[in-house]
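Asker: To start, I am sharing the structure in question, which I have written as structure tokens.
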Ligand SMILES: C[S@@+](CC[C@H](N)C(=O)[O-])C[C@H]1O[C@@H](n2cnc3c(N)ncnc32)[C@H](O)[C@@H]1O
């Protein structure tokens, strides 16, 4: 078996797409994850990372010998060098098809079930370009603004970013000197002008609060959020996810509903409107600043309680990976939060990329909800949690997927789970 090392070039047939934006290829028994390739292509791949003995090597397609019909000429002049987009070389319809294949593959492997999902565009999409309203750019030692190449700390200076909304672009060519800073967070909120936050934020510096808005069928209103806080970056995404989640969850007046990993309260507000003044919404969020904004954003709704806590602590289950060298638990199990209800009618969760995990999922099913809606930015985490939900008697009933991050490999899913006994 020939050993390959960084810089070597090999001719390979490109196999299927894999999670992470690359395709799988093999060379003399070695697995290569090849970026900027497409299934069915024949390419020259240059090894970019890995060594003899590694399970796989990373590589980049540097020459296309046989092109896929899905290949297009990348609209962005930095494509292939900038680490921000993986799919600029792929037609938009094929990007969505590939994302659907990844979701299907993750469910087959991790949840051991077949799913058939189409990835829908988010309303307002402009051919996959000019959608990003929040972006972090890097600053090099000479103060030039740019992006990091894939898995690199170097800075590629850029004067435009085609997936960023137009309002973000002037920040890339500003004469402003940002001495001592390593990056810039640039935000174009729904209301007001572009905000630039130099990074790292120095102690004593205030991060501005911006106003974002949701204009969907289930919710139309504004939200306050820190310029560095969590907010969906595609302008149509928040409303799309709120509409999809509520359509699947079907919260009813008077019900008790949990909104877990609730951020600044986008779903909380929509749920509060649905359950009305006789219902109850418990929003749980670990970030202190987001919790302050969620309280302000939801102040008008009676029956909403915003709790600042980790979801696992709130439910009184162990945190993951908190074991000492001998396997002993490093931390006492937290007491269940006094506001954690013994039962919940419905649960919405929108965890970070790591997912909710087995202990949280198990604790949720113990609340015997009629329905659980899971909003997921990582299909692998969703598929793993789908398996845990299945073990506890909750089956996947509906799966929807959205292209909220065109030109990148990212995909957002909204999934409905219901008790097997109720179906
Ligand atoms: C994907 S965001 C969703 C936020 C919100 N649902 C929205 O749509 O704007 C995930 C949120 O979970 C929070 N978070 C991360 N880990 C958490 C944990 N263990 N417990 C509670 N919140 C957590 C993050 O601070 C972030 O606000």
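Cβ coordinates come from backbone N, Cα and C, glycine included.
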Asker: Which residue of 261, 301 does TrEMBL report at the same S-adenosyl-L-methionine site as 232, 285, 350?
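Answerer: Only hit among 261, 301 in TrEMBL's S-adenosyl-L-methionine site, alongside 232, 285, 350: 261.
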Asker: With the S-adenosyl-L-methionine site defined by 232, 261, 285, 350, which remaining residues of that chain have Cβ atoms positioned within 8 Å of the Cβ centroid?
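Answerer: Here the non-site neighbours turn out to be 230, 262, 263, 266, 267, 351, 352, 375.
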Asker: Between residue 232 (S-adenosyl-L-methionine binding site) and residue 377 (active site, nucleophile), how far is it from one CA atom to the other, in Å?
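Answerer: If we compare the Cα positions of residue 232 (S-adenosyl-L-methionine binding site) and residue 377 (active site, nucleophile), the gap is 11 Å.
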Asker: Quick one: pull the CA-CA distance for residue 285 (S-adenosyl-L-methionine binding site) versus residue 377 (active site, nucleophile), whole Å only.
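Answerer: Answer for this pair: 17 Å between alpha carbons.
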Asker: Counting every protein chain present, what is the number of Cβ atoms, excluding its own, within 10 Å of the Cβ of residue 232 (S-adenosyl-L-methionine binding site)?
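Answerer: I get 23 for this one.
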Asker: Does anything in the same chain, at least 6 positions from residue 350 (S-adenosyl-L-methionine binding site), have a Cβ under 8 Å from its Cβ, and if so what?
Answerer: 241, 259, 260, 261, 262, 263, 267, 374, 375, 376
